[in-house]
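Chemist: Have a look at the structure that comes next, please.
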């Protein structure tokens, strides 16, 4: 059977499974809709958290980015896993004990203020929307590449699917479909990685194969470093970012991870505090399987790519090269007219390649914006994971499996985010502020309507991606780190923290972060657009600035809180209460 | 509401655990993987330079272990102070 049939088959079977689960796990009450009834087992919740967390970006793009960034890519690996340590130790158990439905619930009650609640709702909406737009786009791209439909059609199919299981099941439906999606995505990621590891190093475990020897007896990483040096790249294991910037980005990603509302809310679904801790452990273990395999995939793919294309005749290249070139994700321009591919350090094109309709002497697609640098090859980072099985000549069913896995990753994350958005609207805004006397049925209806609206808006973003979305998705972490994270941690660990301190910290933190992002990413403020890295404050990239904004948030919160009156007795009692694990069961109903 | 002595002690021990675990968390990632990477890269672990290994593999393994150690410590602590639930 060929790849196309396998793809339809595997995607079809996995989707049938998700729908079956969604129908089986329909939600009957707001409690089931928001927190799956609060009775999810720690392992199931760990799997759901892992699927929720690992998006299309983790599945498709991350290994590709690392493969081009080498050591610098470590910021994502450490940042997106180390955040779970903060989450497990500093947030999850206490928020579970607090026992309401959302992050704004906690902020609003702990800081006895609807202003604080509203600030939190706005932050949650900004963070979730920037994130979900990227997911819908990811769904569209995977559909279009594997099923040969337009990206727009892909996005619409994705919207319909997400809508069915989020609309019917709420958190309950999403949790159990995410469990299935975790299994699909991890299997789909591991199988090609194991195959390639055996092929290249003879080791069945990719994490060990990465440090293993290749056929001629040299270490794989040594060989890759040598290849890099020969072609004028910086050594793979060294990296180009400054130590401070790597530090700042890693910390911002960690704190941001721990502060993302769609991740935190997962810990409200387990029965008690003990299970909240346990499910954080499961979640990280299950995530770590992918996150320790990804850098191995990056090394395999990078080595394979260089060996397959460098100094080879264009006409002798394998089929996949031309397929991806036809999709516009690989571009080659024969600058020295020798018919061979020169792949060296430097940009082959100015910006993304622009293709003309013409074909060159070797049959390659002519690009109109080739640069004057020696490098002739442009490779889109996103194709490394998708093309890897083809480059390594794996069987058709493995290639098809990657499509099913990519879809599972994108859909599970999109569904989790959409739920946070709808909860923010129906619970934090309507129930808690606008119409407190709304019935459970009415609130459930409001939640379903807002999820519908959210899906449509996210779909529109996916079909017509505004230029800023791509730049902003990575910064969603900076925003979460600069706003929520300090407010929640201080709310638990600093009893003296009060309304004035937390609100001023959150507002200053998020505004500072937004300002820096816009100033250095878009050029909407100021004369120069966007400002060059030489102008960065203390050499901090916008991705790493969350660390600075977070520090400012903490300093301001602490100073302001010490200059204003202590929080009232009953709020201090809440803090005392959440610090003790027992008795979380009854706190669930409110 | 005055804080019972039991709760105060429980919290103090909890903070002590957190401090130790977070120091390890910081040391493996920001320490070995970033600040002292160049120094550690002089040593190797199989085919890996040691600093690089910490940044892309080792720190993640330690993170997983840290959470499971935390779970164990806290379960014991809950029992000791009578806060455990089934």
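From the backbone N, Cα and C atoms, a Cβ is placed for every residue, glycine too.
TrEMBL feature annotations, pasted as is:
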- A:6-25: transmembrane segment (TRANSMEM)
- A:77-95: transmembrane segment (TRANSMEM)
- A:116-134: transmembrane segment (TRANSMEM)
- A:146-167: transmembrane segment (TRANSMEM)
- A:179-200: transmembrane segment (TRANSMEM)
- A:246-268: transmembrane segment (TRANSMEM)
- A:280-301: transmembrane segment (TRANSMEM)
- A:394-421: transmembrane segment (TRANSMEM)
- A:442-464: transmembrane segment (TRANSMEM)
- A:470-493: transmembrane segment (TRANSMEM)
- A:505-525: transmembrane segment (TRANSMEM)
Chemist: Excluding the flanking five residues on each side, which residues at least 6 beyond the ends of the transmembrane segment (A:280-301) place their CB within less than 8 Å of a CB in that stretch?
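Modeler: Hits for the transmembrane segment (A:280-301): 42-43, 45-47, 49-50, 53-54, 58-59, 62-64, 66-67, 73-74, 77, 80-81, 84-85, 87-88, 92, 182, 185-186, 189-190, 192-193, 196-197, 200, 206-207, 209-210, 220-221, 224, 236, 266-267, 384-385, 387-388, 391-392.
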Chemist: Take a look at A:77-95, A:116-134, A:442-464 and tell me which one has the most Cβ pairs under 8 Å to the transmembrane segment (A:394-421).
Modeler: A:116-134
Chemist: Count, for each of A:6-25, A:77-95, A:146-167, A:179-200, A:442-464, the Cβ pairs lying under 8 Å from the transmembrane segment (A:116-134), and report the range with the highest count.
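Modeler: Stretch with the highest Cβ contact count: A:442-464.
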Chemist: Take the C-beta pairs under 8 A between the transmembrane segment (A:442-464) and each of A:6-25, A:77-95, A:146-167, A:246-268. Which stretch has the highest count?
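Modeler: If we count Cβ pairs closer than 8 Å to the transmembrane segment (A:442-464), A:146-167 scores highest.
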Chemist: Residue list, the transmembrane segment (A:6-25) vs rest of chain: Cβ under 8 Å, 6 or more residues beyond ends.
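Modeler: Counting only partners 6 or more residues beyond its ends, the transmembrane segment (A:6-25) has Cβ contacts under 8 Å with 146-147, 161, 164-165, 168-169, 172-173, 175-177, 180-181, 184, 396-397, 399-401, 403-404, 407-408, 411.
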Chemist: Count, for each of A:77-95, A:146-167, A:179-200, the Cβ pairs lying under 8 Å from the transmembrane segment (A:246-268), and report the range with the highest count.
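Modeler: Out of the listed stretches, A:77-95 contacts the transmembrane segment (A:246-268) most.
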Chemist: Could you tell me what the rest of the chain brings near the transmembrane segment (A:77-95), counting residues at least six beyond its ends with Cβ under 8 Å?
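Modeler: For the transmembrane segment (A:77-95), the list is 53, 58, 66, 103, 106, 249-258, 263-264, 267-268, 273, 276-277, 279-281, 283-284, 287-288, 291, 294-295, 477, 488-489, 492-493, 578-579, 581.
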Chemist: Excluding the flanking five residues on each side, which residues at least 6 beyond the ends of the transmembrane segment (A:146-167) place their CB within less than 8 Å of a CB in that stretch?
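Modeler: Apart from its flanks, the transmembrane segment (A:146-167) reaches 4, 7-8, 11, 15, 18-19, 21-22, 136-137, 139-140, 173-174, 177, 400, 403, 407, 410-411, 414-415, 418-419, 422, 448, 451-452, 455-456, 458-459, 462-463.
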